[in-house]
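Novice: Supplied in structure tokens, the structure appears directly below.
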Amino acid sequence: MPDLSTRLGKLNLKNPLILAAGILGTNADLLKRVVESGAGAVTTKSFSINKRKGYENPAVIELIENRQKIGLLNAIGLANPGFEKFKEEMEKFKSCNLDTKLIASIFGTIAEFPKLAGMCENYADAIEIDVSCPHVDDSISKNPKILKNLTGEIKGLISKPLIVKISPNVTDIKEIAKAAIDGGCDAIAAINTVKAMKIDINFGKPILANKFGGYSGIGIKPIAVAKVYEIYSMMKKENLDVPIIGIGGTTTGEDAIEMLMAGASALGIGSVIHYREIDVFGKILNEMDEFMKEHNYKNIGEIKGIAVE
Ligand SMILES: Cc1cc2nc3c(=O)[nH]c(=O)nc-3n(C[C@H](O)[C@H](O)[C@H](O)COP(=O)(O)O)c2cc1C
């Protein structure tokens, strides 16, 4: 049997599949179902200190181009009920003592991020900062200096692992990843959604209430693979070894293997749940297991980064 366990710094995961932020991560019961489906770790939906209303509908649509289902476009606007409600859900989830890890995804201003990270650290196994949502404010993930300082400030405050989730909507993602690493992050999550738009040609208007949204799902997989590859390649050249959570379009076990080959240590699983149901985690794990047996790979370490020169 191939060994699917992996490590994100101090965090040991029984397998590399992590529920990505924003999909089903709103309450303990849903998170529990994802764990029962086989996830190695789960991420909450991003939440802020105070509740946020988000945008009007339509906020999420399925993208169909030339009759092909190519993914989802969302501009939810990080609607969430705020820290106190998430605290209750994280406590409820933790009280189930499941064999998994809980990642709290947080969102805020430069001043709020460190405060919220401190507020959350007793309720989760790791903190992920969402500085990269393309339909809200992703300015932090576009400014290496600010990102490095913010990462350093949060690291100085918390003892739990810190994951920085970065954006593909930048000129050079390597520079942004390097800033997070220089700030001392324990892992990089790449990528958040790709800024995109869909226009309804019958009305001559963008469909989403927010006009722009974040594109996710199968269509962004090649973009995510390229970004993970670029980051891993930069780290190799600079002798750095910070784990990458590869996120974007993973739909099958073969996709997961491809992301590992580009340099990921673990994988975020998001939009595919819409297409393959909540038990997709077990399905992807079986597909990975089959591929690894067929190709004689014994563990994730033998696959990680092998495509990177
Ligand atoms: C409906 C929806 C909501 C999302 N909400 C968040 C969020 O709250 N925080 C975040 O960091 N990313 C959020 N994302 C981005 C995902 O975590 C992930 O980075 C992206 O969807 C790419 O992965 P995928 O192609 O597997 O879905 C959201 C994505 C979708 C589709």
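In case you wondered, yes, glycine gets a Cβ from its N, Cα and C as well.
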Novice: The substrate site in TrEMBL includes Asn74, Ala75, Ile76, Gly77, Leu78, Asn192, Thr193. Which of Lys45, Lys101, Lys160, Lys221 is also listed there?
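Specialist: When TrEMBL describes the substrate site, the candidate it includes is Lys45.
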Novice: Would you count the other CB atoms within 10 A of the CB of Gly217 (FMN binding site), including those on all shown protein chains?
Specialist: 23
Novice: Counting Cβ atoms within 10 Å across all protein chains shown, which of the binding-site residues Gly77, Gly249 comes out on top?
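Specialist: Answer returned by the neighbour count: Gly249.
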Novice: How many whole Å apart are the CA atoms of Lys165 (FMN binding site) and Asn192 (substrate binding site)?
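Specialist: That separation, Cα to Cα, works out to 7 Å.
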Novice: Could you check which of the binding-site residues Gly217, Gly249, Ser271 is the closest Cα neighbour of Leu78 (substrate binding site)?
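Specialist: Answer for the nearest of the binding-site residues: Ser271.
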